[in-house]
């Protein structure tokens with residue numbers, strides 16, 4: 001009996017253990033079920049007291065996939081317009097991480113948009129450009145080749161097939177061509193000498209038909225001398241930042257009514273003077289009312305020439321004075337007489353033009369000749385003749401003498417002073433007297449790398465105009481715009497040749513300094529007209 005009872009005790013214990021385990025298992029299952037329900041509930045309602053636990057579970061479960069998440073996740077796009085609502089912001093495309101073709105260069109500097117102002121930094125290899133108006137330009141207006149910049153007109157340069165073509169700030173590009181938007185800036189605030197030559201395919205050029213003007217010197221009358229092509233008269237000058245008006249001959253004459261306009265300088269200024277005479281004459285119905293007061297039709301000899309426009313009671317004159325200063329002579333110690341140039345005295349011709357209403361000066365062409373270039377026993381100041389003086393230094397001293405004379409003798413309230421810059425020559429293969437040529441040139445230069453360096457004489461002139469003179473001067477900086485026009489010179493077409501020998505001799509002595517008429521000087525006169533219009537905004541001329 002006892003033994004049977006003893007045998008039953010373990011069964012009782014096991015039975016009780018089974019009960020306990022069963023109850024414990026049910027408790028664990030209930031707890032787990034409760035936690036599961038709470039987990040689902042907390043994900044929807046953010047129950048605070050279970051968050052730490054769930055967060056730990058999540059972190060342990062996602063640990064191995066976090067690096068993949070970082071690679072595939074797109075970076076945040078910052079909306080710049082929220083910070084600067086008044087500034088036009090370009091559309092930035094933020095690439096996926098790891099993209100090879102759309103990453104920004106490390107050298108790129110994004111303009112600062114703080115307070116609506118930009119830092120002025122340049123964005124390299126991007127489409128940002130400064131327009132000077134507080135906005136970011138469209139990429140079509142930021143075309144720039146070889147890091148060239150255009151001064152003062154907010155335009156860019158684009159190099160295409162070796163040519164220099166100007167894309168103004170308001171343009172559109174269609175099929176690789178440039179289409180002008182006519183909403184350009186005003187010429188009143190524009191650098192009219194910064195631009196390019198454009199083909200004029202209509203009837204606007206030239207200003208007068210070739211062969212129609214009887215007052216063109218034979219040396220400039222390329223059409224009459226047999227030049228076979230006429231493309232050189234079909235180019236017009238287009239400033240980068242604005243459009244300029246054509247020279248209105250009758251309007252010009254109306255503004256000259258009762259006045260005297262005088263060109264003073266060398267034969268290049270005579271070239272320009274003859275051009276203006278022909279343009280103004282062509283605008284009149286009765287051309288017999290225009291005449292040279294002495295009846296002359298050739299003007300090569302140094303002197304004074306005046307054309308009278310009878311209906312307007314005005315004259316347009318030319319005074320030959322290639323140096324401004326006086327050509328003189330000096331007796332040496334041994335009795336020899338030296339031809340000299342008095343750098344400290346004005347030419348005697350000043351009495352012919354000091355009363356003019358508009359004066360257009362130029363000098364430079366004769367300073368390249370052998371006598372002036374060598375400068376040996378030629379330049380004189382006072383009683384001193386310099387054994388040797390560099391031509392650029394002599395040129396500066398002559399200009400200072402001219403500037404002092406203008407300041408002392410010209411009434412700035414009555415007279416406009418204009419200085420036309422140096423006209424570039426195009427002799428290839430040698431200088432003018434040693435076989436230099438420009439024959440068979442039929443197009444302008446388009447590749448700017450072929451242009452000459454800016455003339456040092458013009459740098460000297462600009463310094464004197466800016467820092468020495470008191471009288472305001474309208475400076476016509478035509479050096480660069482003429483440098484493009486290698487096609488515009490008379491070359492061998494300076495006369496009608498009667499024999500083959502004359503033709504052969506002409507080839508070795510070509511004129512690549514002066515200009516055919518009609519031709520490039522017509523554009524100078526258009527720019528003169530526009531310059532005077534600009535000056536007339538402040539004072540009536």
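Here the Cβ of each residue, glycine as well, is placed from N, Cα and C on the backbone.
Feature region 'Disordered', per Swiss-Prot, maps to range 91-141 of the set 40-90, 91-141.
Mean predicted confidence for the motif 'DCXHWCLPGXXDXWN motif' (511-525): the pLDDT average there is 97.
Counting residues of the motif 'DCXHWCLPGXXDXWN motif' (511-525) by DSSP class, helix then strand then coil, yields 6 helix, 1 strand, 8 coil.
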